[in-house]
Amino acid sequence: MSQRQLAYVFDLNKCIGCHTCTMACKQLWTNRDGREYMYWNNVESRPGKGYPKNWEQKGGGFDKDGKLKTNGIIPIRADYGGTWNYNLLETLVEGKSNQVVPDEKPTWGPNWDEDEGKGEFPNNHYFYLPRICNHCSNPACLAACPTKAIYKREEDGLVVVDQSRCKGYRYCVKACPYGKMYFNLQKGTSEKCIGCYPRVEKGEAPACVKQCSGRIRFWGYRDDKDGPIYKLVDQWKVALPLHAEYGTEPNVFYVPPMNTTPPPFEEDGRLGDKPRIPIEDLEALFGPGVKQALATLGGEMAKRRKAQASELTDILIGYTNKDRYGI
């Protein structure tokens, strides 16, 4: 059991799908040495199949009795999409081709269904869902590892893999219900998001948090009652875990999208009264607390429109870096 737990809150109402977080992580951690296909941080469009493809259907996690599920499916290479080779030499140097193309026809990738969403115009909808390792309090990957290579850091609760102990059995890949454990074929070991702990140890925020241009990411210790994590998760209860039913007690929380876009049109062309993003779709991701969270958010926004003060909206705006993260 770790002494303290670092956690994240992602405000989905502010995410613009720019992937700056993804590129920050990719350039720092996964652009070499067998990690090229890995995206420890990814931003997927929902509704959608996600990354790896259909990760929600691959099992893992714990059952209702708290027992580790052993029926998880290891994603195949195609589920992640290609890291294709291109004819750069022939095109840019030798002049044998006038077009840069991949060496094989792409059929899937990390953002293959980006911005597709669900529904038909003018009632279609989608939103962005950034995902990293949840650094769970009850990690299924840790429970599944027979060599005890996976552990939670005592000082901050980050879940990491001891590469010297990992034997490459991939039980952890099967066990993670979020599809955030990866296998490095070049090294023969499992790897994952490390919460940027080398940066954390220097007092710096993780790269994905620091580089977020939409300022959607909040980061800090769960028990810091003066910090944004505690206030959004425990005090205001507007930040919810993703698929809490998996039983891993994730430490990444999401402020659900508020349906502030116009409601869908009725058949006669008039605006209806139903939310554009169906509440049941949001509850399938974030659980039964969605309605109350949205009601709280809506109420606080209404106060601001009346020029009244709102601590919650001030927190969510996150005027400065210090307002959004720090340890």
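Glycine residues also receive a Cβ, built from the backbone N, Cα and C atoms like all the rest.
The domain '4Fe-4S ferredoxin-type 1' annotation in Swiss-Prot covers 6-35 and is backed by sequence analysis. Counting only same-chain residues 6+ beyond the ends of the domain '4Fe-4S ferredoxin-type 1' (6-35), those with a CB under 8 A from a CB of the stretch are 41-43, 45, 111, 114-115, 127-130, 132, 135, 156-158, 182, 184-187, 191, 193-196, 200, 207-222, 228-229, 232-233, 239, 251-258, 260, 297, 316, 327.
The [4Fe-4S] cluster 1 binding site feature in Swiss-Prot is assigned to Cys15, Cys18, Cys21, Cys212. The Cβ of Cys15 ([4Fe-4S] cluster 1 binding site) lies under 8 Å from the Cβ of Val43, Phe127, Tyr128, Leu129, Pro130, Gly214, Ile216, each on the same chain and at least six residues away in sequence.
There are 24 other CB atoms within 10 A of the CB of Cys196 ([4Fe-4S] cluster 2 binding site), with all protein chains counted. Look at Cys196 ([4Fe-4S] cluster 2 binding site): DSSP puts it in coil. The [4Fe-4S] cluster 2 binding site annotation in Swiss-Prot covers Cys25, Cys193, Cys196, Cys208.
Long-range neighbours of the domain '4Fe-4S ferredoxin-type 2' (124-155) within the same chain, counting only residues 6 or more positions beyond its ends whose Cβ lies under 8 Å from a Cβ of the stretch, are 1-8, 10, 12, 15-17, 21, 25, 40-48, 50-51, 60-62, 68-69, 115-118, 161-163, 165-167, 169, 171-178, 180-181, 190, 192-193, 195, 197, 208, 216-217, 241-242, 246-252, 254, 257, 261, 276-277, 285. Under the heading domain '4Fe-4S ferredoxin-type 2', Swiss-Prot lists 124-155, citing sequence analysis as support.
The feature [4Fe-4S] cluster 3 binding site is assigned by Swiss-Prot to Cys133, Cys136, Cys141, Cys176, with similarity to another entry given as support. Residues within less than 8 Å, Cβ to Cβ, of Cys176 ([4Fe-4S] cluster 3 binding site) and separated from it by at least 6 positions along the same chain comprise Gly60, Gly61, Gly72, Pro139, Ala140, Cys141.
Residue environment of Cys172 ([3Fe-4S] cluster binding site) contains 28 other Cβ atoms, counted within 10 Å of its Cβ in all protein chains. According to Swiss-Prot, the feature [3Fe-4S] cluster binding site maps to Cys145, Cys166, Cys172, an assignment based on similarity to another entry.
Positions annotated as domain '4Fe-4S ferredoxin-type 3' by Swiss-Prot: 157-186. Looking just at the domain '4Fe-4S ferredoxin-type 3' (157-186), the mean pLDDT is 98.
Using a 10 Å Cα-Cα cut-off around Cys145 ([3Fe-4S] cluster binding site), the binding-site residues Cys25, Cys136, Cys208, Cys212 reduce to an empty set. The DSSP secondary structure for Cys176 ([4Fe-4S] cluster 3 binding site) is coil. For Cys193 ([4Fe-4S] cluster 2 binding site), the nearest neighbour among the binding-site residues Cys18, Cys21, Cys133, Cys166, Cys212, judged by Cα separation, is Cys133.
In this structure the C-alpha atoms belonging to Cys21 ([4Fe-4S] cluster 1 binding site) and Cys136 ([4Fe-4S] cluster 3 binding site) are separated by 20 Å. The Cβ of Cys18 has fewer other Cβ atoms within 10 Å than any other of the binding-site residues Cys18, Cys21, Cys136, Cys166.
One way to see the shell of the [4Fe-4S] cluster 2 site is to take the Cβ centroid of Cys25, Cys193, Cys196, Cys208; the remaining same-chain residues with a Cβ within 8 Å of it are Cys21, Ala24, Leu28, Trp29, Trp40, Asn41, Ile132, Ile194, Gly195, Pro206, Ala207, Val209.
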